[in-house]
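Features as listed in TrEMBL:
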- Ser65: active site, acyl-ester intermediate (ACT_SITE)
- Lys68: active site, proton acceptor (ACT_SITE)
- Ser128: active site (ACT_SITE)
- Lys231: substrate binding site (BINDING)
- 281-371: domain 'Peptidase S11 D-Ala-D-Ala carboxypeptidase A C-terminal' (DOMAIN)
- 1-27: signal peptide (SIGNAL)
Amino acid sequence: MIKTTLLKHLSLFTLFTMASLPFSASADVLPSPPVIDAKAWLLMSYESGQVIASFNENEPLAPASLTKIMTSYVVGKEINAGHINNDDLVIISENAWGKKFPGSSKMFLNIGDNVTVDQLNKGVIISSGNDATVALAEHVAGHQAAFIEMMNRQAEVIGMQNTYFTNPHGLDADEQFTTAYDIAILTRALIKDLPEMYGLFKEKSFTFHDIKQGNRNGLLWDTTLNVDGVKTGHTSKAGYSLVSSAEQSGQRFIAVVMGTKSTGIRRSESKKLLTWGFRFYQDLTPTFDGKELEPIKVWYGSPSKVSVELGDGGVITVPRRQRKNLEHKVFYNSNLEAPISKGEQVGKIEWYLDEEILIVQPILALEDVVEAPWYGAAVDTIWRPISQWFSTQD
């Protein structure tokens, strides 16, 4: 089923409605997405994380070389943490020998080569080298099994709930799978957390051992879109897949197309999605009546109220020319109890177009709230049932 109004619905609260406004808009405000020839596909706004349109986005599929996005993400995080450096020399083992990967993409590494981490990164990102992924895995973690554990741990941390990796390169394996939605989450994290590394994904070629290889992402040559990444993938099981991202006028979209029948189709279908997104959708930061985002009561807490902010940077993605038709409802958890952690969800905003919910945006605590001293808690123990009684009389 094709979806055009998705952000994962957040957990339900015992809610207190703060605003509910009348709505009047034209009957047909949501533009229909293009027809996409793929097993699964998705278009996400980078800024808001909002899924604009999708099909089979949670269907487990073989990832092929899209796996290498996670390999690069883990390596980049290790570089940022200071555990490895770009100029580290890696001695190529037999496991990372290019001849171990016949008939597949590789960097053409030889046993005993001394290769820098920077070169291996380029070999993974630009040349899609399966041999280079093994060399990096061994350098980062000592052996592939430990590196794969790191990949799966990172997947869990960033919210990839339907993904499991069994190798660092993506060659077909029975227990290895991911989804279009999870790959979009990963790509968004990579762009956000590792901007310097992400810059490599737009490079069109890389030369090693006097062998020049071109980037397989054909959209990098498309002059109608400012595509600057991300990754192609192909195996007999996975079909032809492409994750792409482009930025125009400060707005960025991420498109995931999985399981097409050819390189040409994955390229054309990805272009359709990106073009459609830029044409019909925009990111915006809504403004509110200040009273709607006032500090809220925390029972038995110190302080007794917590300041709040909107999640996702306060950005939402909506159809163009529909800003004036946006309506919203604000909900708070009316029974918050200390302790509360900074960043904890304490409410939500539901955004509507034509009485159809468009996105659910979290409201987060701006600070920690600890448990109050006994005398403060005693006051709340007396006042809370009285307050609840009055609220039921409204």
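Using N, Cα and C of the backbone, Cβ positions are placed for all residues, glycine too.
All TrEMBL annotations are machine predictions without curation.
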In this predicted model, the domain 'Peptidase S11 D-Ala-D-Ala carboxypeptidase A C-terminal' (281-371) has a mean pLDDT of 88
DSSP composition of the domain 'Peptidase S11 D-Ala-D-Ala carboxypeptidase A C-terminal' (281-371), residue counts helix/strand/coil, works out to 10 helix, 49 strand, 32 coil
Taking all protein chains shown into account, the Cβ-based neighbour count within 10 Å for Lys68 (active site, proton acceptor) is 26
Going by C-beta under 8 A and a gap of 6 or more residues, the same-chain neighbours of Lys231 (substrate binding site) are Ser65, Leu66, Lys68, Ile69, Ile125, Ser128, Phe201, Asn217, Leu242, Val243
For Lys231 (substrate binding site), the three-state DSSP class is strand
Under a three-state DSSP reduction, the secondary structure at Ser65 (active site, acyl-ester intermediate) is helix
